[in-house]
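Please read the structure below before turning to the comments.
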């Protein structure tokens, strides 16, 4: 079905061949009518362009449908994209509900660069654990100032609205991934109208956005919509990506919002369609053990093979082993202290006691660890969970107690389990089963402020190079300070050039500064580029450090 839709959409490709009117580049003709963008000084923007019918009413919990409306008036593309409805971790306070249900849009940003008649294209998928986040959370001005690339930001369904699943055809799930896929088809079809090069599209994302890129690339037909991908700080091997107990969680969601009488998936879906979207999304708080833990109670699933328009029907590990995935260039990354994103909240001082939350782990480790580290659903018995929890604690802390002094070892545990080990696994699978180039880098250059300070609400702790420290040099984010150091400015420019050169490369080569990344496919050792404030260095490793 998805392949048929691709053929139908691409058959209309000629409709988007009309160029931007050189007399007024703010106006663009699309198959749905004319749009008007905005002049932002050194770039143009065309925001909030719908690529799908609103996923409301009978279209809630269904695969997205291509946008059909024809505009009689000029469409106002000057309004920033709305937030897809979510229970947002970044909102402090009890009520974390934000956004709207009708949110499936793309937003396009084009630099003013008269020396280029056309531009390679970066399709961007935001992060947020598949639960929260939005197209606006990452800036675009760094990329626009470089003046070499068109950027397209994709909005997609999140949380239970995007990923509730009963594991069968009745409520199959992965609606957020299917949104992303339809958006990529829209970009392929229409980007030429904005001066973009449809033959030179790369997909990038961070965290859940990086995992989304990887999941999109696990479809064999990915090469029909893009030529390469980069997964920053997240990939499909991460333990928080594929959910194994979605069915029970989705029926529990139904019970919470008043659909407990549903006897099967179809009844449950129909009942959930009748409930207010805000009520469904607000139910997320019932799945949290403490704070925002687990940070991804809903997410991608392996769908039943008989599900309508199934996105994936095998586990990513099995897909890669089968060789039936898109053989196109891919890069995957991690940071040396990625786990600070998840662990930093444990250093927040509690208002009631003035004591850090990390001390509570001494009494609650066996209860909380399976949720913090995402093995609650993969263990069959409580004994298995307790044994694994005990093993991890002994391996990383020995006989020491959880405390501020032992925080760095706990953060190292989080980094390994939630990010680094999965990157090593992905590379190992690709070097054995891949055919196109696969690259990897590790970033070690702490930002002055970042996610660690944000979630701990502290400035007196050094967290190292945490989640996002590299990505926010490409796409600005308020979690890190607005200013870049001189070394970060150089690194930012090298990252932007890396992306540009990767997308236009005819043979999939990748460079960073004066370093050429080495291909992992067919290699006996891991080929890993190390990036620090002092430059870059190619490493050949038996295992990750």
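Note that Cβ sites are derived from N, Cα and C of the backbone, with glycine treated the same way.
Going by Swiss-Prot, these are the annotated features:
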SIGNAL    1-19  signal peptide
DISULFID  84-103  disulfide bond
CARBOHYD  113  N-linked glycosylation site
ACT_SITE  207  active site, acyl-ester intermediate
DISULFID  259-271  disulfide bond
CARBOHYD  421  N-linked glycosylation site
ACT_SITE  467  active site, charge relay system
CARBOHYD  507  N-linked glycosylation site
DISULFID  515-536  disulfide bond
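Locations of recorded Swiss-Prot features on the structure.
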{"residue": "84", "record": "disulfide bond", "DSSP (3 states)": "strand"}
{"residue": "103", "record": "disulfide bond", "DSSP (3 states)": "coil"}
{"residue": "113", "record": "N-linked glycosylation site", "DSSP (3 states)": "coil"}
{"residue": "207", "record": "active site, acyl-ester intermediate", "DSSP (3 states)": "coil"}
{"residue": "259", "record": "disulfide bond", "DSSP (3 states)": "coil"}
{"residue": "421", "record": "N-linked glycosylation site", "DSSP (3 states)": "helix"}
{"residue": "467", "record": "active site, charge relay system", "DSSP (3 states)": "coil"}
{"residue": "507", "record": "N-linked glycosylation site", "DSSP (3 states)": "coil"}
{"residue": "515", "record": "disulfide bond", "DSSP (3 states)": "strand"}
{"residue": "536", "record": "disulfide bond", "DSSP (3 states)": "strand"}
Discussion item. If you count other C-beta atoms within 10 angstroms, which of the disulfide-bonded residues 84, 103, 271, 515, 536 is the most crowded?
Written reply: 84
Item to complete: State the count of C-beta atoms found within 10 angstroms of the C-beta of residue 113 (N-linked glycosylation site), not counting that atom itself.
Response: 16
Item to complete: Determine, using Cα-Cα distances only, which of these recorded positions is closest to residue 207 (active site, acyl-ester intermediate): 271, 467, 507.
Response: 467
Fill in: Densest Cβ neighbourhood among 207, 421, 507 (recorded positions), 10 Å radius
207
Worksheet entry | Rounded Cα-Cα span from residue 259 (disulfide bond) to residue 84 (disulfide bond), Å | 23
Discussion item. Through the lens of DSSP with three states only, how would you label residue 271 (disulfide bond)?
Written reply: helix
Discussion item. Can you check which residue among the recorded positions 259, 467 has the largest number of Cβ atoms within 10 Å of its own?
Written reply: 467
Worksheet entry | Cα-to-Cα gap, residue 507 (N-linked glycosylation site) vs residue 421 (N-linked glycosylation site), nearest whole Å | 29
Response to the item:
Rounding to whole Å, the Cα atoms of residue 515 (disulfide bond) and the residue listed as 'active site, charge relay system' are apart by 23
